[in-house]
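According to Swiss-Prot, the protein has these features:
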DOMAIN    21-81  domain 'Sushi 1'
DISULFID  CYS23-CYS66  disulfide bond
CARBOHYD  THR33  O-linked glycosylation site
DISULFID  CYS51-CYS79  disulfide bond
DOMAIN    82-139  domain 'Sushi 2'
DISULFID  CYS84-CYS124  disulfide bond
DISULFID  CYS110-CYS137  disulfide bond
DOMAIN    140-202  domain 'Sushi 3'
DISULFID  CYS142-CYS188  disulfide bond
CARBOHYD  THR149  O-linked glycosylation site
CARBOHYD  ASN162  N-linked glycosylation site
DISULFID  CYS174-CYS200  disulfide bond
CARBOHYD  ASN183  N-linked glycosylation site
CARBOHYD  ASN193  N-linked glycosylation site
DOMAIN    203-262  domain 'Sushi 4'
DISULFID  CYS205-CYS248  disulfide bond
DISULFID  CYS234-CYS260  disulfide bond
CARBOHYD  ASN253  N-linked glycosylation site
DISULFID  CYS264-CYS315  disulfide bond
DISULFID  CYS300-CYS325  disulfide bond
DISULFID  CYS307-CYS345  disulfide bond
Amino acid sequence: MISPVLILFSSFLCHVAIAGRTCPKPDDLPFSTVVPLKTFYEPGEEITYSCKPGYVSRGGMRKFICPLTGLWPINTLKCTPRVCPFAGILENGAVRYTTFEYPNTISFSCNTGFYLNGADSAKCTEEGKWSPELPVCAPITCPPPSIPTFATLHVYKPSAGNNSLYRDTAVFECLPQHAMFGNDTITCTTHGNWTKLPECREVKCPFPSRPDNGFVNYPAKPTLYYKDKATFGCHDGYSLDGPEEIECTKLGNWSAMPSCKASCKVPVKKATVVYQGERVKIQEKFKNGMLHGDKVSFFCKNKEKKCSYTEDAQCIDGTIEVPKCFKEHSSLAFWKTDASDVKPC
């Protein structure tokens with residue numbers, strides 16, 4: 001017969017053994033929660049793993065029951081981030097990103113000539129969608145340009161309906177008698193506006209003066225304006241120093257003011273000189289005189305080295321100075337050699 005004490009002791013040990021088979025707090029899984037979450041569980045109690053918002057379960061079981069052994073089964077459940085739709089290409093722009101997974105943020109930029117129509121960044125949400133919506137790169141446009149007073153639009157071709165695209169240009173012209181101050185060409189900028197407009201102003205010039213020993217012709221009208229022209233000429237024996245035609249400039253003055261300079265009489269009876277790179281007889285080439293500004297080179301002798309060299313002489317308003325080294329060759333001194341026939345130094 002079994003002792004009652006032994007039976008009581010055995011029951012106690014059995015109770016202690018069963019009570020000691022509780023399950024511990026379950027392992028933490030990244031990006032997941034456990035319900036209910038306690039420090040220990042009695043055999044038969046159930047727990048459920050759930051992925052946090054923005055994550056989805058991959059493989060493994062979600063529900064577990066605490067076994068009599070007190071050991072939770074190995075959990076192979078994984079919670080992985082939701083993946084938003086591919087957004088790595090932005091037409092006429094660029095996307096900066098690492099991944100398209102929750103909760104990453106991507107940013108956007110547009111090429112020159114385009115602007116972001118939408119936000120410059122978007123975040124992958126818990127639902128696996130981009131927020132805010134993905135932007136687009138739209139072309140920068142400028143409205144039709146304003147036309148300055150006293151100007152006309154000379155060149156303008158809209159390329160976006162009525163508007164112009166970035167770097168498109170427009171060219172202006174001023175009305176007659178008006179001068180342009182500023183650039184005649186404006187450009188559509190990255191800000192969607194045009195560069196600075198030019199200004200057209202009426203410009204008058206005084207009547208040009210007649211030069212001494214010459215004459216001037218200009219339009220027969222009460223006032224001379226921008227771009228009007230005047231022509232000059234000189235009387236016989238004089239030549240024009242400056243342009244034959246001048247123009248009224250945007251500053252209200254003339255582009256030049258020529259004068260009439262006297263011609264020069266040939267200073268010697270006979271000599272071979274260099275004119276514009278060629279040897280010529282001065283008495284033949286300039287039988288009617290040398291014009292103001294004409295330049296010739298006279299031949300001179302170096303007696304010590306027995307060679308020749310040249311020195312220049314120029315007609316300046318009726319005066320020309322012959323180089324002192326030049327010796328005019330007399331036709332009677334036929335035994336002497338002219339300097340132009342001596343070998344150069």
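In case you wondered, yes, glycine gets a Cβ from its N, Cα and C as well.
Where Swiss-Prot records a feature, it is marked here on the structure.
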residue	record	contacts (Cβ under 8 Å, 6+ apart)
CYS23	disulfide bond	PHE40, TYR41, GLU42, PRO43, GLU45, CYS66, PRO67, GLY70, LEU71, TRP72
CYS51	disulfide bond	PHE31, SER32, SER57, CYS79
CYS110	disulfide bond	LEU90, ASN92, GLY93, ALA94, LEU116, CYS137
THR149	O-linked glycosylation site	GLU199, CYS200
CYS174	disulfide bond	PHE150, ALA151, THR152, MET180, CYS200
CYS234	disulfide bond	PRO211, ASN213, GLY214, PHE215, LEU240, CYS260
ASN253	N-linked glycosylation site	CYS205
CYS264	disulfide bond	GLY289, MET290, LEU291, HIS292, ASP294, CYS315, GLY318, THR319, ILE320
CYS300	disulfide bond	SER308, TYR309, THR310, GLU311, PRO323, CYS325, PHE326, LYS327, ALA339
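For the pair CYS345 (disulfide bond) and ASN162 (N-linked glycosylation site), the Cα-Cα distance reads 76 Å. Among the recorded positions THR33, CYS84, CYS142, ASN183, the ones whose Cα sits within 10 Å of the Cα of ASN193 (N-linked glycosylation site) are CYS142. Considering only the recorded positions CYS84, CYS124, ASN162, the residue whose Cα is spatially closest to the Cα of CYS142 (disulfide bond) is ASN162. Summary: among the disulfide-bonded residues (CYS248, CYS345), the fewest other C-beta atoms within 10 A of the C-beta are counted at CYS345. Among the recorded positions THR33, CYS84, CYS124, ASN183, CYS188, CYS248, not one has its Cα within 10 Å of the Cα of ASN162 (N-linked glycosylation site). Per DSSP, the secondary structure of the domain 'Sushi 2' (82-139) breaks down as 0 helix, 26 strand, 32 coil. Take the Cα of ASN183 (N-linked glycosylation site) and measure to each of the recorded positions THR33, CYS84, CYS124, CYS248, CYS307: the nearest one is CYS248.
For CYS205 (disulfide bond), the count of additional Cβ atoms within 10 Å of its Cβ stands at 22 [all protein chains shown]. Put simply, CYS248 (disulfide bond) is 33 Å from CYS188 (disulfide bond) when counted between their Cα atoms. For CYS84 (disulfide bond), the number of other Cβ atoms no farther than 10 Å from its own Cβ, over all displayed protein chains, is 22. With DSSP states grouped into helix (H, G, I), strand (E, B) and coil, the domain 'Sushi 1' (21-81) comes out at 0 helix, 25 strand, 36 coil.
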